[in-house]
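Enquirer: Below is one structure. I have some questions about it.
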Amino acid sequence: MRLILALSALCALLFSTSLFVGSGNVGFWNSLRGYLGAGDPLVVLVMQELRLPRAALAVLIGASLGLAGAGLQGFLRNPLAEPGIVGTSAFAALGAVLALQTGLAAVFPMALPLAGLAGAALSVLLLLALSGPGARTTTLILSGVALSAAAGAMVSLALNLSRNPFAANEMMFWMMGSLADRSFQHVVVALPILALGALLIWSSRKGLDALSLGEETAVSMGVDVRRLRLMLIFGTACLSGAATSVAGMIGFVGLVVPHLLRRATGGLPSRLLVPSAVGGAALILAADITVRVILPGRDLKLGVLTALIGTPVFLHLIWKSRGREA
Amino acid sequence: MTALLTLRGLAVGRRLGPTDLALAAGEFVGLVGPNGAGKTTLLRAALGLLPAAGHSSIAALPITARPRHVAYLAQERELVWPIAVEELVALGWRANPDHRGDGMAQARALSQRLGLAAFARRQVPGLSGGERARVLLARALAQGAPLLLADEPCAALDPAQSIRTAKLLRARADAGDAVLATMHDLPLAARYCTRMIVLDQGEIRADGPPGTVLTQELCREVFGVAVLRHGAGWTIAELEDEA
Amino acid sequence: MVRHLAKAGCIALGLWLGGAADAAPPQRVVSMNLCTDQLAMLVAAPGQLVSVSYLAVDPMASAMVAQAETLPVNHGLAEEIAFLRPDLVLAGRYTTRVTVDMLTRLGHRVEIFEPENSLDDIRANLRQMGRVLGREARAEALVAQMDAELAQIAAAAPPVRPETAIYYSSGFTSGAGSLGNTIVETAGLENIAPRLGMGAGGVIPLEALILAGPRLVVRGQTYQGHSRGEEMLRHPALEAMLTPPRAQAETRPEWSCGTPLTVNAIRALQDAARAGAGL
């Protein structure tokens, strides 16, 4: 509980900082007046329509990715499971790109996160078919590599086949993710699906705890494992699908955050869920502030930063898992 | 006397022939048989973990109602997450829908009673194989169900711990519960079980009190060993004609 | 093998010498670049141009779709161009280097045109086109007509130069030394890209664009088949900013290539600025 409070306080601090960082050089008081709707109407516009949705999306996306990572790890009983690593984000990006290219998203805005969700769900099913639940690390990573490569190639293909010559430039956004120049529209379309995903994961928390003892023991403890599996697949797909469809692929958040918090929460998957969500939000907020501070106005991709933080943790986990399954 | 487990014609493909079995309160049944005899298959089919033909009174219950009636100690002893011993035991307590609360107090008491206090605060993945086996058994017992199905509860334990565990299971039976445990150690099973079932190639070959089940003939045929009885104790030896 | 190569070399050399020695205007001209397509269609004699690039029939990129549709299109591949048996190939500076080299090796005469970033570039390319097609008189007439129209536009320029931003898909903009900048400046408007420290091109964050508060924003045309980059052109914050007295305009196909038709884009922009901003 104390951990959740501390992380929430950190989140609140980073959220307020995020509101006052941007490429335009606006002083603190002018920014503040902008948020209150007073002063230069252009400043008001920038604060309320650009920076506020950006910070809000950072919280939503970060929380979703953190929660999705914690849920997926509990589900597959492997600390290396993460939407980005197992290929779920790449499939979500593929779904979103198709929704944009076909014009579906322009006619019906919810089509964007729904297509991301469909792609993500497909990837989890493929992953289970390839590696099975309780997956060994090597199978999990290899399946993830194969799925990511396939989805990445298809995203690239879809962008290159587009009649729109600018589409191919967007590869970078989909592969590395960014929160630049997003709007409240994105918050509005993603929110219901993210909320549904969070609800699904949250309501399967007891099942996740039982599942840490293995599937058979979980059944004997009264867990309907088939139903639990569906809820977790759909829940992680909602979270990473909708998040990726509005912000691109931001890797490693779901890996790093649960890993750092696991010992502090006592190892039970259920106790890891809320701290991971709040921690994920804090991480994305911090990363999004950093990209704007170190390269203002250049739209350094968020995924670049999270990958720089995430890869050492990832390598450390691989190193640790070497002995266990030689 | 009410049966806590009833199997009627329970069968799993080629691994388990149609099996009838009734388990009453107060029984500690040792399920013995050579490797591949179908012991684990029998337990899993009885629990409804495998698609099986025939009837099992446990598998017939809705999943959510089962933990009230049965606890299961699976063969898998791996645990990925750094969960503390008492937390894990409390998970078992919470699995029973009749229990209210987080079960931490009950888990602590049980851990102490079972002699786990020395490492109760440590995390399960860091324990030795034997310690982990005892913690997982404590988890199953914490569920407080009248029936325990245990797959090799004495595997990975040193002799003293094996005996302690067998005595513990016998004490549960004496207190009115029923225990069905697969075992490999014939003398241990014969010493502490109230009843033994010999399974071979998916079929029950003998069923009854240890003294009547472990005949020289059966042991030679099924296990390829000789058994010697002296008083309350048993030993096994190699067959003389093979020597 | 060596003999075959030597023979092929002789033929190629012969063709090349033949092409160079031929002073008569070319009869089978193939253009493989959107900009040379349009210049050639304007300058060439009837029947002289036998193929244009596939982009020339794309209404989003080409200002001369109707005329291009009467001609066969090519996709700029060396093989298909060679089969058209051209006596002159027109290419842009940034046409695939490999293809141009290949065509030259095959013995075709390839004329390279620089991209047009200024009005002088347009005049120079028109005259170059007239020279290589043997249509100098036609090219001069087009230059004269263009200059006359530019003079009208200059006369109609607004008294104060309203600040203008160009905003393409994904936030790209055009600054000094670009055709977009030339169009904006010639229309009598002030491009804000140089003030924001932009070079000829670059990405301008939406936040910086809005805080700069230009009077007019020229947005890139939107394609069918939407993309994330085009969502940004319709960002609610930008839409909210572009209410009167601020004005908006869209680029047209004439923005992709500098030709005499670019004058139409300049005039349209000037009209949009006048109408929107009430100048």
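For all residues, glycine too, the Cβ spot is worked out from N, Cα and C.
Keep in mind that what you see is a predicted model, and the values were worked out from it rather than measured.
Just lifted these from TrEMBL, have a look:
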type     : residues  : note
TRANSMEM : A:55-76   : transmembrane segment
TRANSMEM : A:83-100  : transmembrane segment
TRANSMEM : A:106-128 : transmembrane segment
TRANSMEM : A:140-163 : transmembrane segment
TRANSMEM : A:183-202 : transmembrane segment
TRANSMEM : A:230-257 : transmembrane segment
TRANSMEM : A:277-295 : transmembrane segment
TRANSMEM : A:302-319 : transmembrane segment
Enquirer: At a C-beta cut-off of under 8 Å, are there same-chain residues at least 6 beyond the transmembrane segment (A:106-128) that contact it? List them, or none.
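Expert: Result: 83, 86-96, 98-100, 135, 140, 143-144, 147, 151, 185, 188-190, 192-193, 233-234, 236-238, 240-246.
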Enquirer: Counting Cβ pairs under 8 Å to the transmembrane segment (A:277-295), which of A:55-76, A:140-163, A:183-202 comes out on top?
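Expert: Counting Cβ pairs under 8 Å, the winner is A:55-76.
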Enquirer: Of the listed stretches A:83-100, A:140-163, A:183-202, A:230-257, A:302-319, which one has the most C-beta pairs under 8 A with the transmembrane segment (A:55-76)?
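Expert: Going through each listed stretch, the top one turns out to be A:230-257.
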Enquirer: Should anything in the same chain at least six residues away from the transmembrane segment (A:230-257) have a Cβ under 8 Å from its Cβ atoms, list it; otherwise answer none.
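Expert: Contacts of the transmembrane segment (A:230-257) (Cβ under 8 Å, skipping residues fewer than 6 from its ends): 57, 60-62, 64-75, 80, 82-85, 88-90, 92-93, 95-96, 99, 112-113, 115-121, 123-125, 128, 173-179, 182, 186, 189-190, 193-194, 196-201, 203-204, 207-208, 276, 279-280, 283-284, 301-303, 306-307, 309-311, 313-314, 317.
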Enquirer: Other than its close neighbours in sequence, what residues sit by the transmembrane segment (A:140-163), given a CB gap under 8 Å and a spacing of at least six beyond its ends?
Expert: 76, 78, 80-81, 84-87, 90-91, 93-94, 97-98, 101, 119, 123, 126-127, 130-131, 170-171, 174-175, 318
